[in-house]
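Taking it in order: structure first as structure tokens, then the write-up.
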Amino acid sequence: MPDVGIRFRAFADEPTIRELKSQLRLACEIYNTLRWADIYFYQRDGKGLSKTELRQLALDLRKQDDEYKRIYSQAVQQIADRFYDAKKRFLKGLARYPREKKPHKWYSLVYPQSGWKVLETREIRTKSKKNKKKIMTLQLANLGVFKVIVHRDFPLDKVKRVIVKLTPSERVYISFVVDQEYPQLPKTNKTVGIDVGIEKLLITSDGEYVPNLRPYEKALNKTRKLHKALSRKKFLSHNWFKAKIKLARAYEHLKNLRRDIYMKLGKYFAEHYDVVVMEDIQVKQLVGKSYKKMRMRLHDVAFYELRSIMEYQLRKYGKELRLVDPAFTSMTCAKCGYVKKDLTLADRIFVCPKCGWTVDRDYNASLNILKRSGWEPPLAPVELRPLPLVKSQWQGGALKQEASPFRVG
């Protein structure tokens, strides 16, 4: 069964939050010590430390320093596992060698199957009959007690890990990693090609599109004010930290808004299609070639995050994501295959000089994407502009035409 992470908002008293911050700082020190030890043994013996050796070294550090004993022993071993996993990605050529971590960028502690205990669970009265919530009282070893707002049921006996995270916005989240199988959605025997863009978030080969809400661009003036307010404060002063938290909460709001939209999109496509085809876009190359405003919009859309969430949702429900070569998808006529190399970004309508095929350029690209996956797109007559997705089609919430209000603080 696949591991599924379920995240909940949590609350704790001030002493527990202070202890969490202190343990996160100590965890970062242990990680950096393991990193330098691995480099030392590699330079001396020509071989780095194994997973078992890293775990043992982490436990030895805990025995030697009373400060490190404040962290639960198995949470210390998980720090060693985190470094080993990062090093393994480097050895496979997937990432660079793990860098030294900064204390203010170490956000989480991991508890395995032991070290945590549910003390109490009780229901909360809400107006909605569908969205029933519970308050779970969770105790973490050597740390404290947290009140967790549980909005989704999950099997406690199948929990493999518990992760406590303190975000830059000073909010606490508890994640339960559960060994759980999601119910597989029925097969539809349908395949769709998707072209992602900036004007429209995505366009399908069925002639539908999702508008780009541009949450970051709309909130740009307010985030600039928060940046200016932070720069006016004395570095590391009490007011500087308050301004920093306000800015972090603003960005967290935008991040959560975008993630919520992408999760709903992934669920929608998993319900309506068996195979989703997208372009294998190299975002770094695309950003490097763009001008300033275009770069901002590319970062706002976050193509890689969209693709990752789409793949996660499709796999979760037993569906498939395919990636194809993005070269000339907009310039190639989906009807006759002619490549119109003089097509510019300003040309929103594709007119084929060879066969006369006239269609929205993004819709034409989505047809070519579908074609490259091995499926033949239905070239039925359509309007020049694709039709938008209807709100009633959404399951689990409608996609609004405007971003939700931007909140500060």
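A Cβ is built for glycine as well, from the same backbone N, Cα and C atoms used for every other residue.
If you look up Swiss-Prot, you'll see Cys333, Cys336, Cys352, Cys355 marked as Zn(2+) binding site, on the strength of similarity to another entry.
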So which other residues, same chain and not among Cys333, Cys336, Cys352, Cys355, have a Cβ within 8 Å of the centroid of the Cβ atoms at the Zn(2+) site?
Ala334, Lys335, Gly337, Tyr338, Pro353, Lys354, Gly356, Trp357
Work through the binding-site residues one by one (Cys333, Cys352, Cys355) and point out the residue whose CB has the fewest other CB atoms within 10 angstroms.
Cys355
Cys336 (Zn(2+) binding site): tally of other CB atoms within 10 A of its CB:
11
